[in-house]
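Q: Quick one: this structure, given as structure tokens, is what I'll be asking you about.
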Amino acid sequence: MSYLFGFLLFLICIQVFTRGAVIWRILQFRGKLEVSSDVVDEGEVDQSYRRVLTPDIDELSEYGFAKFCWMRYSEGFSRDEEGVYACVMYHPDERTYAFLTLQSDLGVGRETLATFITYLDDGDVLETMNGGRHCILADVTGYRIEDPYVAELSQHWRAHQHHLAQSSAERVEKTPQCVVESGVAFYKAYIQELLAQKVIKFASPDKQSIRYTLAGALRSQKMARTGGKRLQKIIQDAPRHAPSLDYQIASHVRMDAGLAGQERTGWIGKALLLLVSLGAFMLSFGFRMDAPVLLILVAVLFLHEFGHLLAMKVCGFRDLQILFIPFLGAAARGDKDQAPAWQKVIVDLMGPAPGLILGIALCFYLPLDAPDWMTRAVFMLIVLNYFNLAPVQPLDGGQLWNLLFFRRWPMAQFIFFCLSILAFAAFSWWSQEIVLGLVALFWMYLLPNQWRQARLFSHIRRKYPHLPQHDRPARLAAAYESVKELKLPWSGAVAYQEVRALMQRLTEKPPFAWEILFGITLYLTLVIGAPAALMQTRYGEALKDTVAPWLAEKGMNWDGQIANAKSPRERLSLLIAAGDYYFYSGDEAMAEKYYDLALKETERKGISPEEKIKVLYQLAQALFMNTNDKESVSIAYLQEALRLYQKERIQNGELLPDIYELLVECYLFQSDYTSALKNIDGAFANSDIRRNEQRVAQLYMLKGNALSELHRVVEAERAYIQGIKASKSVDFKRTVELRLLEFYLNEGLNDAAIKRLESLLYGPKAFTGYTDGISYNLNLRLAWAYYSKERYIDAEITLRSLLVDMTDAGLGDVSLLPALELLHIVQSAHDPWQAAGTRIWIEQIAENTLDLAPDAYIDSLREQLQYIPKSSRYRRKLAEAGLISFGANNTSET
């Protein structure tokens, strides 16, 4: 259910971001307070531009229009200094002017935009446009603007004639200059009306530029959505034909000029976008993360992206921005034309590098009793940033590999893209992390378009090997011709975006050999240097322990290395390393052998007491993990280590907490609870242990275990509660909570169990959701406590609610069996008829599905089976699966 909620939240965020992005884009446009317009000669207009207008010029000529003049005017919200050309035609009988220009809306399907204007003797102007009335945000006195929203030019002309017939005023002829000036006058009056209605405002102190207000942007978006529905009808009714090459090139140039009119976002706007995206990101992860962990994740991601941003700033990138992406992570962006490859290398690697360096540096100084949040922060700094170096897109390592090796060869880049998808999917399956699976799914959605881009780029490089770098029309013509030849399903705005991206790629220079060497050197320095530096910290041994099981045993010639040792100290180090290797590889017998040899080596001269204590502890640990019942030997080694601490008065007590903890566990394993309590008290007397809150919490839980076995109920309860209060780790706190509840139920303290369970499940700090299994365990215990107090209705309600939550979570029938068995017991006590129905349900599940469950999964159910009757067929099925320990009275015995 939590993932379904997250997915719905993701869809809502997408919708909000889409609409917000449109409004934000409108707010970024800057316009002119006044525009200019001039009459020009026809020869000044590019031939390709005239060819686009020729079909409509010919059609209007059939209706009685004749060429009147050519004009050039500047658009109010465009920075194109060249301006837009228009052909003005005149109908002498109707005394009406037709303005023909290039269609700017790529999605309409028509290549030209026509407007009919008639000047009346009462000073009014009748204008009939087509498909653009929704863009006019205010009416201007003296101007009557109509829009029929039709598909054909003939329909458009008839609509204007219809409106003319309704007016009794005389029509007035104008000179070319007057026609041009009338357009400038309309724009000026229109801007004043928008200022009066507060749709726009001045954008600069000199009042020479304007921008939309928020109210104006909202009105513009609303009218655009309304008009877009009517415009869609035009598109559907218009005849289908492929756009001409001349139109595609001219419209592309005009669209680029229009985008240039969009001012870059200011720092206030960027900060607002960052906060909004951060809020959406925290909502998307908040349903499955604790607040402290989420805050640490946000801080680590921000540091990562800030590293990218700082590198962009130093390298001269513009329009810098950091955004958080719900369910995925964060991203930093910036723009720079023709940025050299070495700068892009620095930008790519400056994301993971600061976090890695900071995390490893903290490992040198992080105290052993550091708070849980600090340990998590260091862990995330290292793991997330090192993971980002993986050569997989869209990670930073993948971006670097793509830049240095694949971007010049489109098909190789496409193969690299496919391998990245497979890597994400495989890692998602292995780690059971759904977020990585979502990344793989999203990348698969982009796969067809990546294939089309690769085909297009390869086709252009093959067909136009000597395409001029500075001849923009030639490059645009080659791109659009290739799109047509390859029959790529792009049109309108989509084709513009794809060709625009291709133009940027065609102008990129491939990296030089020294830039490739520079990038690989920096990359390998981070990839190899980070773990090498981490090995030098106090956590290096733990890293060796993690890596050891993955190493090939045949490659470790320990005996040969030990025989060639040049000093007792080197021999001791090798013996300990060999013991560690076999211990963490799971071979406790071999580990015991090398630790025993290491212990004998400590009797030589030159070996310090600290080194001997370390060997004693490691040997005791290996013996305790071994299954040969050598706990008493482990206890002897640990007591010898404690004796050496006291005798030598060693100040460094780093291993002391581990020694006490292992000693207590050995006594508990031997059921010597009195000795265990004695050593727990000794551990509490140590100042190094008292400073480590997590150690204190662990000892309190062990103390509670020992006291509960001695049936010292009040003291055991107090110890568990102290362990809960001392624990700073959420996971460990839950472990102690469950152990306390188990203690209550075993001792028959059902009232105390119910009170604490209801607080945990329904209180202000309740455990929510089924995904982590905590709610499941708590509900099962609460139902048993209700049953023990003969509160059968409460027990049944609790179990039925739990079954509904488990079903909603998509769990299989086998997972329901423990809860169903307990429900059957509860119903048998007060409602035998319902109990019979539940028994049939249980038998059907056991008969049909249990044989199909994997052994490892069945084995994991052991902790939930303490209440199942011995006569149950379900128990017999589990017995057939090889599980024989279901007769236990409680989970600790199991």
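Note that Cβ sites are derived from N, Cα and C of the backbone, with glycine treated the same way.
Remember, predicted model here, so these are calculated numbers, not experimental data.
Features from TrEMBL:
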TRANSMEM  6-27  transmembrane segment
TRANSMEM  267-287  transmembrane segment
TRANSMEM  293-311  transmembrane segment
DOMAIN    294-366  domain 'Peptidase M50'
TRANSMEM  345-367  transmembrane segment
TRANSMEM  373-390  transmembrane segment
TRANSMEM  411-428  transmembrane segment
TRANSMEM  434-451  transmembrane segment
TRANSMEM  512-534  transmembrane segment
Q: Do we see three or more Cβ pairs under 8 Å linking the transmembrane segment (345-367) and the transmembrane segment (411-428), pairs being at least 6 apart in sequence?
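A: Between the transmembrane segment (345-367) and the transmembrane segment (411-428), contact is absent.
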Q: Would you say the transmembrane segment (411-428) and the transmembrane segment (512-534) are touching, if the rule is that at least three C-beta pairs must lie under 8 angstroms and be 6 or more residues apart?
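A: Stretch pair does not touch.
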Q: Which range wins on Cβ pairs under 8 Å with the transmembrane segment (293-311): 373-390, 411-428, 434-451?
A: 373-390
Q: For the domain 'Peptidase M50' (294-366), what are the DSSP-based totals of helix, strand and coil residues?
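A: With helix first, then strand, then coil, the domain 'Peptidase M50' (294-366) has 44 helix, 15 strand, 14 coil.
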Q: Using a Cβ cut-off of under 8 Å, list the residues of the same chain at least 6 residues beyond the transmembrane segment (434-451) that approach it.
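A: Tertiary neighbours of the transmembrane segment (434-451) are 3, 327-328, 393-394, 414, 417-418, 420-421, 424-425, 427-428, 498.
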